[in-house]
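One structure below.
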Amino acid sequence: QGRILEKTGLCSQITFGRYVRQGRKLGVDPKLFIQDLQFNKVPVRVYKPKGTSDGRRRGIIFFHGGGWVFGSLDTYEKVCRYLSRESDSVVVSVQYRLAPEHKYPAAYEDCLDVTVNFMKNTEDYGVDPASVIVCGDSAGGNLAAAVSQTLAGRPNLPRLRAQILIYPGLQALDFNLPSYHQNRGVPLLFRERAAFFALQYLNGHALHMQEVLEGSHIPPDMRLKYRKWVSPDNIPEKFKVRGVKPLRPTDFIAEVYETVKRFCEPNLCPLLAEDAVVLQLPETFILTCEYDVLRDDGLLYKKRLEDNGVQVTWYHLEDGFHGIISLYDYCGFSFPSGKRGLDSVVSFLKSL
């Protein structure tokens, strides 16, 4: 549909996608105070439970998904309300700048700014400074992981209590991991779209998408360097049962690498952070879905964290697909496994 409109010049695919995905304004929530504010010029929406609390609450900073291109405070309104109500937490939902109008690192910088700002002012929201959690789904999971890494060694701030990564996208080196082949045509995220979004975020356009999908955008020596972290060998065998065929390596194309070399920055691809950073990360919750091209990004990061002694709670939706959490109570329909996934996040929060 978006393509047709783009071809006829009515509007771009992205504008159409944003229109379709805009959330509806919801009425008042009897259990929550909801307020739109700005932290450092970044729009946020703060959800605060109305009930009294024994002590200070935990605070959740939420970064929405949508490939860095879509999504808004309204799109994730129901999810944020649910998290705030069910876990009795203050939730700060972040309206970071979107690509392609605002390229990397704009979204990351907005998320980092809001997090630091909130951590310095937790008492204004009745939040315990030792109980701040970053949380995000998909592109938001990418941003949460990047923010968490940046803050890992910061001496002047309280340590993050945890990070919650819901089917995060964590690398753009290899679009040929087993989950990329098994689920290449599974909605809501096709293999091509994953590369399209990553390129929109990085460059503001999707030129060289084909070369990136084939893997000719990364020099052989770098591929070798990162192989210890980004490799099918690190994925448990049971995830390779569904058809996976190894790809012939393609030739490296230097001029493509020139346009995408920032893919090797951990702020963009957190799976590539050095061990010295990874071992300082807080307790982590990772949710993966079986029918999701990004499944293996989550599995690889889980292994990296565990190898570095970080405590990981992993929840795998055997019947889940990418984006299932954002469809919670969406236009009146909901998937039972999406609700299970959301409840697994709530029970992790309550365990902290």
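Glycine is treated like the rest: Cβ placed from N, Cα and C.
According to TrEMBL, the active site annotation covers SER138 (among others).
Sequence annotations record features per position, and here TrEMBL assigns active site to ASP292 (among others). For ASP292 (active site), the number of other Cβ atoms no farther than 10 Å from its own Cβ, over all displayed protein chains, is 27.
Annotation source TrEMBL lists active site at HIS322 (among others). Residue environment of HIS322 (active site) contains 27 other Cβ atoms, counted within 10 Å of its Cβ in all protein chains.
Note: the domain 'Alpha/beta hydrolase fold-3' (60-206) comprises 61 helix, 25 strand, 61 coil (DSSP; helix = H, G, I, strand = E, B). Annotation source TrEMBL lists domain 'Alpha/beta hydrolase fold-3' at 60-206 (among others).
According to TrEMBL, the domain 'Alpha/beta hydrolase fold-3' annotation covers 251-325 (among others).
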Listed in sequence order, residues with CB under 8 A of SER138 (active site) and six or more positions away: GLY65, GLY66, GLY67, ILE166, TYR167, PRO168, GLY169, LEU189, LEU294, HIS322, GLY323, SER326
Mean per-residue pLDDT computed across the domain 'Alpha/beta hydrolase fold-3' (60-206): 97
